[in-house]
Amino acid sequence: MLDRTADFTYRRARTVLLLALLAVVALAAVGFGAFGKLKGGGFDDPASPSSRAAALIEEKFGGENNLVLLVSAQDGDLDAPAVERAGEKLTRGLRAEPGVSQVTSYWAPGGSALTSRDGDRALVLAHMDDADTERITEVTGQWTGEKGPVSVQAGGPAALNGDITAQVSGDLALAEAIAVPVTLVLLIIAFGSVVAALLPLAIGVVAILGTFAELYVLGSVTDVSVFAVNLTTALGLGLGIDYGLLLVSRFRERLGAGDETARALRTTVRTAGRTILFSAATVVAALAALLLFPPFFLRSFAYAGIGVVAIAALAALLIVPALLAVLGERVNKGRLPWADAVRRPEAPLWRKMATTVMRRPALTALPVLAVLLLAASPLLGATFGSPDERVLPESAESRQVSTVLQQDFAGNDAASIALVSEESAPQRAVARYAADVSRLEGVVRVRSATGTWAAGHAVRKPDASAAAFERDGVHRLTVTTKTTPASDAAAELVRDLRAMPGPDGVRVLVGGQDAALIDSKTAIADKLPAAVLWVLGSTFVLLFLFTGSVVQPLRALVLNAISLTAAIGAMVWVFQDGHLSSVLGFTAMPMDTSMTVLMFCIVFGLSMDYEVFVTSRIKELHDAGTDDREAVAGGLSRTGRIVTMAAGLLAVSFFAFATSQISFLQMFGLGSGLAILIDAVAVRGVLVPAAMRLLGRTSWYAPRPLRRLHARVGLSESDPGKATEDASATADNDSGKDKEPVHSGV
C-alpha cells in the first residue's frame, strides 16, 4: 500500500498539491469559526448527583446562581440613598438582560444577608444561561466598573469561565508567537537548509487547520472545551516536526546514497511512512483513553488529539511526498555552511554514547535511574483537585471577587451548596429538614420556601422571594457556609448532607461547586484503572505487532513509566509545593486531576512515538542479521539525532505554554516538555541501550504461538534490501575505537 502511495504521489505530485492547497483553504475558512463553538468549564461528570441537581434546578427554577456582582459603596454606606438607587438600578438592569434569571440582591426582598461584615460591600446574584465568552463579557462589561456612588466587579463560575476563556485566547497567541519562529530557526539549524526546514511546518499547518475544522463540526453537536485549541497547536506543530524530520531525513539520506528521486521517495514512504503509521497509531491509542472519562474537558482533548494525529499522519504520507517529488535534489536548496555535517546518516556522538553505555550497562543506568526516581519522589505527597479561581493571575477580576467573598463575608453565598428534592415534599417536612441542615457544622444559614434558618431556628419568615424555592412541590434549598471552597471541611459538609435523610423520605440531590468537585474526582478515579489498562494494553499490542517480541513492549512500557513519573513528580514539586511560584507567577495549589490524566495519556503516546522511531531502525538492522549490540548502536546512531531534534522542537511547543497566565496550562506545558526531553535524552540515550544490552537476545523473544501470529498479522518497517545496505554501511563506517569489545555487566 505504501509503495502504491509513493508511486501515486510521485506521478501525480502537482495534482496532490493543488488538491491539498484547496483543502487547506477550505479547512481554514471553516476552522477559524471553531473558537465561537468552544466552551469553558467541562470539569463535571454529567451523570453525577451534582450535575443531576443542577439539571433539576435548571428545569424547575431556572438554574443555580453562577454570576456574582460585588458592589462596593464609595463612601462605605450601603444604605445611603444614592447607593440604594444605584443598587436597585443594577438589580433591575440585570433582570432585564436576555438569558439572565434568578436575580437577587441586597436591595431585593430577603437579601439583607448579602452584605459584608463591615457593611461597605453587597452582592447581586444571578444565573446566566449557558452562554459563550462573548455574551458573558458583554453582560459583565455592561454592569461592572464605576457606577456613580458604587464600584462593581464580576465573579462567580460564569465570570470565572469567561476570564479563563479570554485568557486562553491571549495566551495561545503569545505561545504561538514564541514557538513558531523559534521552531523555524531550530529547524533551519537542524537541516542546514531553508527549504528542507519548511516541510515539517507544512504538516503542522495542515494538521492544525484540519483539526480546527473538526472542532468546529464537533462543537456544533456536542460540548467541546476551549482548551482543546491549545493541544491542537502544540501537537500539530510537534507531530508535524516529528513526521517531517523522519521523512525528510530519510529522503535526503537516500539521495545522498545515490538513489534517484523516484526510488528515494519509494524507500522513504515504505520505511519511514510505516514508522509514521505505527507511531500515529500508538499516540491515537493513548489519547483514545480520554474518551472513557465523563467530563467533556478531558473528552475534548481526545477529539482534538486524535484528529490532529490522524491529519498529521495523512499530510505526512501524501503532501510531503508530493513536495519531495517536485523538489527532488532541490530539497537541499538554501544550504547553510553546516549542511554537510547534519546530512550525515549517522551521528557519531550517539554511536559513542550507545557503545559506552553497553560496555557497562548497569553502571551507567543506575545513576540515571536514581535521578529519575528522585524526581518522581514528590508524587508520594501529591494531592489532587480541580481548577478554581487560583489558576488565574491575582489581577483577574473574578479571582479578586472570590478572595473578597472568602475574607469579608460571613458566608460565601457565591459558593453555596444547592439542595433540591427529586420529588414533591410536604412543606412541614421541608421546614424540619432545613432546620436540621442549619445545625450542621460550617453552615451559616439555609434559605428555603419555609424561610431562612440558622442554628436550627427560623431567623426569617417566608417572604416574596420564597416562591423561588418551590415549584410543583419540588423544593430547592440554598445552604450558605463558612467553609473555604475546595477544602476538606467543605467536602466533609457535602458528605454529611448526602448522608442525611430527606424530608419525609424524599431523596435530596446535593449540588454546588464543592459537590461537583467531589463528583468529578470520583468519576475520574473510577475510570482511571480502565484508562490505564487501555493505554498499556493497546500500546503493548501495537508494539508487539511492530517488533514481533513480547519483551520489547514490556521494556518500553517500564521505561516510559519511569520517565513519566519523574516528570509528574517534578510538577508536584513545582506547582503543588510552590517552588518557582515567584518565577512563573502562580499560586501553589493541589495538582489538577484532569491535567495530570491528560499529561499521562499525551506523554505516554509521544514517548511511544519516539520508541517506534528508534526501535524501527534497531529492528531493521537486527532483521538483516546484524549483531544485537551493533544493531542497537547502529539504530541509535541513525535515529538519535532525529529523536533529539524532534523532542527538542516539540518541547519548545510545550514550553511556550509556560508563558500562560493560567497555572494548569503552565503545569501541562512544563510537565509535557520535561517528560519529552527526559524520554529523548535519558531514556533513549542511556536506559534503552543499557536495557537492550542486559536483555541480550531475550529482547526479541516471543512464545512460538505469538511468533506464528506475528508472521501472519505483524507489520514492521523492515526493508530487507535496505536493511542489509544499512548494516553494511554501518560496519564500514565503524572506527577502530567503535569496534572495541562490548562487555556485559559492570
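These residue numbers are counts, starting from 1, taken along the chain as shown.
Cβ from N, Cα, C; glycine included.
Residues annotated as transmembrane segment in TrEMBL: 172-191, 198-218, 224-248, 276-297, 303-327, 362-384, 531-550, 557-575, 595-613, 639-658, 664-687. Feature annotation from TrEMBL assigns domain 'SSD' to 201-326. Residues or ranges marked as region 'Disordered' in TrEMBL: 712-746. Among the features that TrEMBL reports, compositional bias 'Basic and acidic residues' is placed at 734-746.
For the transmembrane segment (557-575), same-chain residues at least 6 beyond its ends with a Cβ under 8 Å from one of its own Cβ atoms are 369, 372-373, 375-379, 381-382, 536, 539-540, 584, 586, 588-589, 591, 596, 599-600, 603-604, 607-608, 611, 663, 666-667, 670-672, 674-675, 678-679, 682-683, 687-688, 691. The largest share of C-beta pairs under 8 angstroms with the transmembrane segment (172-191) comes from 639-658, of the ranges 276-297, 362-384, 531-550, 639-658, 664-687.
Beyond its flanks by at least six residues, the transmembrane segment (303-327) meets 2, 5-6, 9-10, 12-14, 16-17, 20, 195, 199, 202-204, 206-208, 210-211, 214-215, 218, 224, 228-229, 231-232, 235-236, 239-240, 243-244, 247-248, 251, 261-262, 265, 268-269, 273, 276-277, 280, 283-284, 287-288, 290, 333, 602, 605 of its own chain at Cβ-Cβ distances under 8 Å. For the transmembrane segment (276-297), the partner stretch with the highest count of Cβ pairs under 8 angstroms, out of 198-218, 224-248, 595-613, 639-658, 664-687, is 595-613.
Outside the transmembrane segment (198-218), and at least 6 residues removed from its termini, the chain residues within Cβ reach (under 8 Å) are 20, 23-24, 26-28, 30-34, 37-38, 180, 183-184, 187, 224, 228-229, 232-233, 235-245, 247-248, 303-304, 307-308, 311-312, 315-316, 319-320, 323-324, 331.
If one looks beyond the transmembrane segment (595-613) by at least 6 residues along the same chain, the residues whose Cβ comes under 8 Å of a Cβ in the stretch are 231, 235, 238-239, 242, 246, 275, 278-279, 282-287, 289-290, 293, 298, 301, 305, 384, 524, 528, 531-532, 535, 539, 542-543, 546, 556, 560, 563-564, 567-568, 571, 639, 642-643, 646-647, 650, 664, 667-668, 671-672, 675-676, 679-680, 683-684. On the 0 to 100 pLDDT scale, the model's mean across the domain 'SSD' (201-326) is 91. Residue counts for the domain 'SSD' (201-326) under DSSP, split into helix (H, G, I), strand (E, B) and coil, are 113 helix, 1 strand, 12 coil.
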